[in-house]
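The structure under discussion appears below in the form of structure tokens.
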Amino acid sequence: MKAHLITYGCQMNEYDTHLVQSQLVSLGADIVDGVDEADFVLINTCAVRGKPVDKVRSVLGELRKLKTQRPLVVGMMGCLAQLEEGQQMARKFEVDVLLGPGSLLDIGKALESNERFWGLQFKDELHGHIPPPPAGKLQAHLTIMRGCDHHCTYCIVPTTRGPQVSRSPDDILRELDMQLAAGVQEVTLLGQNVNAYGVDGGAKLAGYPSFADLLRLVGRSGVSRVKFTTSHPMNFTEDVAAAMAETPAVCEFVHLPVQSGSDRVLRRMAREYTREQYLSHIADIRRHLPHAVLATDIIVGFPGETEEDFQDTLSLYDEVGYDSAYMFIYSPRPGTPSYKHFADLPREVKTERLQRLIVKQKEWSARRNAAHVGSIQEVLIRGDAHSEGFLEGHTRGNHPTVVSRAIGADGPGVYRVRIGHATPHMMYGRVLGEGGQELPELPRLNPEAAAMSAPLQMA
Ligand code: SAH
Ligand code: SF4
Ligand code: F3S
């Protein structure tokens, strides 16, 4: 069998794609790069906003057309597969295999079956399953929990991924050991709400560390860099900031989604914290980690959001001065409380607010990134950048970074880099040798790419 997998959505989905892909390989499948070569196409879907859902609908439409021309098995997994909306789509587009986020290990059974196979149960066995580490990669994801116990009124995730189930520290550390043995240097711990790790359905699990202690444990494993996502402010404790500060491997990067700066909106979102409480977490983080890099998620145009509420979001942005932000226009999701109970704001109001927020984000990201010009950063280089002669990677603070290919640094690895230039979205730098001197650049073939590094010479 030749299988091709397509992934939409978050890092949890990327992890799950890797998990299912490795199952397929162990069943004897070849993984191919394109739909054309494949006899099995599996789409890992996202349902968090309308856009990814529309995208899946159009891909399924194309695949159905293809099915009329040649033998092809089509599968759908992930969040959308768990929803009635996704199952209707699956029926309409003649999907053969449907696996919800809790049934991924049924992939073998699904492919053996001669009929349409739909797996929609949440099975805890998933946690004990350890996928082989990603081959030849310096970076890996590691799921520490699945599902979510919160009920933010806009969010479909608790419906698609079910209630929170933490993974045992043994399973986490076993998977980490395998990743380390395979050469992984940076691990990102994943969960919808990592700060609630070890407390499922409100009950503390015996033998499970707190999230702060899990960070300390993972930090002692020998991995060079530890990141984690996502943090819910409601469950954030000062001890997490303390654990970050005292554990050198844990990167000084915090992604703490605020969603809105207005208490009125936060209440309607059922976020369970106030603006003031959120800001006190930021103060804790800054006290323990003065150089912390801060990122957030913001939803603009939540139902009932007034201009004044939106101004509160803008002023909160200034108070925190985020390094980066993911900004979303509110997307009503069928099945969520806000969809049922609140009227959507006009499209123009939402897009106009997003534009203003993006201006704010760019100003701050430009300012924050510019402050790093001249500094030395530890950059994990993943591989080639788009432009010839350059490599791309990211810092401990998660800044996307581009460096020139240099003698002694022309492939993946962790390097010390002197930042020479920064834009709101990217930092540019030169790799340093042992003695702190810049390594000589490899000759570049592409004159356009050479022009791109011009600001470096000026800096
Ligand atoms: N568990 C994470 C995030 C899950 S979804 C957390 O709570 O932090 C990732 C982001 O998508 C959210 O932080 C939110 O900003 C955004 N999002 C979720 N539902 C949305 C919706 N209906 N419309 C627009 N954005 C949404
Ligand atoms: Fe959604 Fe809220 Fe859960 Fe995040 S914490 S997944 S936003 S319900
Ligand atoms: Fe999307 Fe599911 Fe992740 S809805 S954002 S893929 S948890």
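Residue numbers in this text run from 1 along the chain shown.
Every residue, even glycine, has its Cβ placed from backbone N, Cα and C.
Since we're looking at a predicted model, the values are computed, not measured.
Features as listed in TrEMBL:
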type    : residues         : note
DOMAIN  : 1-116            : domain 'MTTase N-terminal'
BINDING : C10, C46, C79    : [4Fe-4S] cluster 1 binding site
DOMAIN  : 134-367          : domain 'Radical SAM core'
BINDING : C148, C152, C155 : [4Fe-4S] cluster 2 binding site
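TrEMBL feature annotations superimposed on the structure.
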residue : record                          : Cβ within 10 Å
C10     : [4Fe-4S] cluster 1 binding site : 19
C46     : [4Fe-4S] cluster 1 binding site : 22
C79     : [4Fe-4S] cluster 1 binding site : 27
C148    : [4Fe-4S] cluster 2 binding site : 22
C152    : [4Fe-4S] cluster 2 binding site : 22
C155    : [4Fe-4S] cluster 2 binding site : 21
Excluding C10, C46, C79 themselves, which residues in that chain have a Cβ inside 8 Å of the centre of the Cβ atoms defining the [4Fe-4S] cluster 1 site? Y8, G9, M12, N13, T45, A47, V48, P52, G78, L80, V157, T160
Within the set C79, C148, C152, which binding-site residues show a CB-to-ligand 3 distance under 6 A? C79
Checking proximity to ligand 2 here: which binding-site residues out of C46, C79, C148 have their Cβ closer than 6 Å to it? C148
What average pLDDT does the predicted model assign to the domain 'MTTase N-terminal' (1-116)? 97
As a check: which entries in C46, C79, C155, the binding-site residues, place their Cβ less than 6 Å from an atom of ligand 1? C155
Any idea what the Cα distance is from C46 ([4Fe-4S] cluster 1 binding site) over to C155 ([4Fe-4S] cluster 2 binding site), rounded to a whole Å? 12
Additional residues surrounding [4Fe-4S] cluster 2, by Cβ distance to the C148, C152, C155 centre under 8 Å: H150, H151, Y154, I156, V157, P158, Q192
In the domain 'MTTase N-terminal' (1-116), how many residues does DSSP call helix, how many strand, and how many coil? 57 helix, 23 strand, 36 coil
On the three-state reduction of DSSP, what should I expect for C148 ([4Fe-4S] cluster 2 binding site)? coil
